[in-house]
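Trainee: Sharing a structure, written as structure tokens. Questions coming.
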Number of protein chains: 2
Amino acid sequence: MKLLKDRILRDGKSFEGGILKVDSFINHQMDPILMKSIGVEFVRRFGHLPINKIVTIEASGIAPAIMLGYLLELPVVFIKKAVPKTMENMLTASVYSFTKDKTYDICVSQDFLTPNDQVVFIDDFLANGNAAMGVHQLIEKAGASLLGMGFIIEKSFQKGHESLRELNIPIESLARIKFLGDNRIEFEE
Amino acid sequence: MKLLKDRILRDGKSFEGGILKVDSFINHQMDPILMKSIGVEFVRRFGHLPINKIVTIEASGIAPAIMLGYLLELPVVFIKKAVPKTMENMLTASVYSFTKDKTYDICVSQDFLTPNDQVVFIDDFLANGNAAMGVHQLIEKAGASLLGMGFIIEKSFQKGHESLRELNIPIESLARIKFLGDNRIEFEE
């Protein structure tokens, strides 16, 4: 997605050790016009699948997911990163975060993810794939079908895409980055 | 906003003690079409103000805020509920949550909220107003100007609206609920 890659080159900040900051337009401050274009691109990639619901995870996945849901006129469920006391029928899974070096629980209500649901999962980043694998577990526990996964940015030098390949579903990333260094960003072809 | 009130009556669940669950269309599963209509209603209420940015708080505020930002073609900043280690130039404020009976920090980067910014704050619920007052503090610390606050649902039997009145800015709630009991929901006129 050229528009996105150009924006990453213009406004993204990269650092030694594979670090990319896109908090001026994706995950702290967000550009809603770009999010709409990202939604349209996800329609191009997933619009042929018989999905009835979009699934994402708080907080940075919500903006692209709601745009995709709006365009496809489908409900959007966001998985929570903390288990609320007041919620019933919760399903949970554990995710290990390398960045934070700790394990956290993610959860979703069975009321909104059921064996009748055929979903696509949308998130901002694919890196080591741990969060995505946790989401896959949760969707499996719910008995729902995961038909595809879409990410705004993929760090293709990390193992996420490789791990997700075993799920045998389309994994789509709108910008695949193969190298991040001090002030240097290189995309896959 | 009639569409919203009708939806709350149809899909909201109310319980003894002033409890309202709208997690089937607002804060766990979201209806993107309704969120767009909510965005349009916020344009009606705030579109005359000289705002250059929308501010919200994760996670349930993001969907209505991104729709408003999309319609007005303005950036959206979401305040975080946990202070990330990796973020620089952070401003923080403390918020006491009655629901969870604990105090938590909220934060925003000074890079995205500056003395040049004139903002409207959008969130899903106004109840006791503690989160909104914390957000007001954060915006004040940043030197930005808060021109208005908009909420999807207000529990007008709680003290939030009253506390926010002292800010002397427009406080807009799209559905104001004056009573919540077991299976009973009453709106203000």
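Here the Cβ of each residue, glycine as well, is placed from N, Cα and C on the backbone.
The xanthine binding site annotation in TrEMBL covers B:L20, B:N27, B:K155. The annotation 5-phospho-alpha-D-ribose 1-diphosphate binding site is assigned in TrEMBL to B:A127, B:N128, B:G129, B:N130, B:A131.
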Trainee: How big is the Cα-to-Cα gap, in Å, between B:N27 (xanthine binding site) and B:A127 (5-phospho-alpha-D-ribose 1-diphosphate binding site)?
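Mentor: Roughly 15 Å, rounded to the nearest whole number.
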Trainee: Looking only at C-alpha atoms, tell me how far B:N128 (5-phospho-alpha-D-ribose 1-diphosphate binding site) is from B:L20 (xanthine binding site), rounded to the nearest Å.
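Mentor: Computed Cα spacing between B:N128 (5-phospho-alpha-D-ribose 1-diphosphate binding site) and B:L20 (xanthine binding site) is 14 Å.
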Trainee: So for B:N27 (xanthine binding site), how many other CB atoms are inside 10 Å of its CB?
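Mentor: A 10 Å sphere around the Cβ of B:N27 (xanthine binding site) contains 20 other Cβ atoms.
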Trainee: Identify, in sequence order, the residues in the chain of B:K155 (xanthine binding site) that are 6 or more apart from it along the sequence and have a CB within less than 8 Å of its CB; answer 'none' if there are none.
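Mentor: Those within reach of B:K155 (xanthine binding site), by Cβ under 8 Å and sequence separation of 6 or more, are B:G18, B:L20, B:F125, B:L126, B:A127, B:I177, B:L180.
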Trainee: Suppose the xanthine site is B:L20, B:N27, B:K155. Which further residues of the same chain have a Cβ inside 8 angstroms of that site's Cβ centroid?
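Mentor: Here the nearby residues are B:G12, B:I19, B:K21, B:V22, B:I26, B:D124, B:F125, B:A127, B:I153, B:I177.
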Trainee: For the 5-phospho-alpha-D-ribose 1-diphosphate site (B:A127, B:N128, B:G129, B:N130, B:A131), what does the 8 A shell look like? I mean other same-chain residues with CB within 8 A of the CB centroid.
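Mentor: Counting only non-site residues, the set is B:F98, B:L126, B:A132, B:M133, B:Q158, B:G160, B:S163.
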Trainee: Going by a 10 angstroms cut-off between Cβ atoms, which of the binding-site residues B:L20, B:A127, B:A131 has the sparsest surroundings?
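Mentor: So among B:L20, B:A127, B:A131, the binding-site residues given, the one with the fewest Cβ atoms within 10 Å is B:L20.
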Trainee: Do any residues at least six apart in sequence from B:G129 (5-phospho-alpha-D-ribose 1-diphosphate binding site), in the same chain, have a Cβ closer than 8 Å to its Cβ, and if so which, in order?
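Mentor: In sequence order, B:Q158, B:K159, B:G160, B:H161, B:E162, B:S163, B:L164 meet the Cβ cut-off.
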Trainee: Could you tell me the maximum Cα-Cα distance in Å between the residues recorded as binding xanthine, namely B:L20, B:N27, B:K155, rounded to a whole number?
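Mentor: Value for the max Cα separation, rounded to a whole number: 16 Å.
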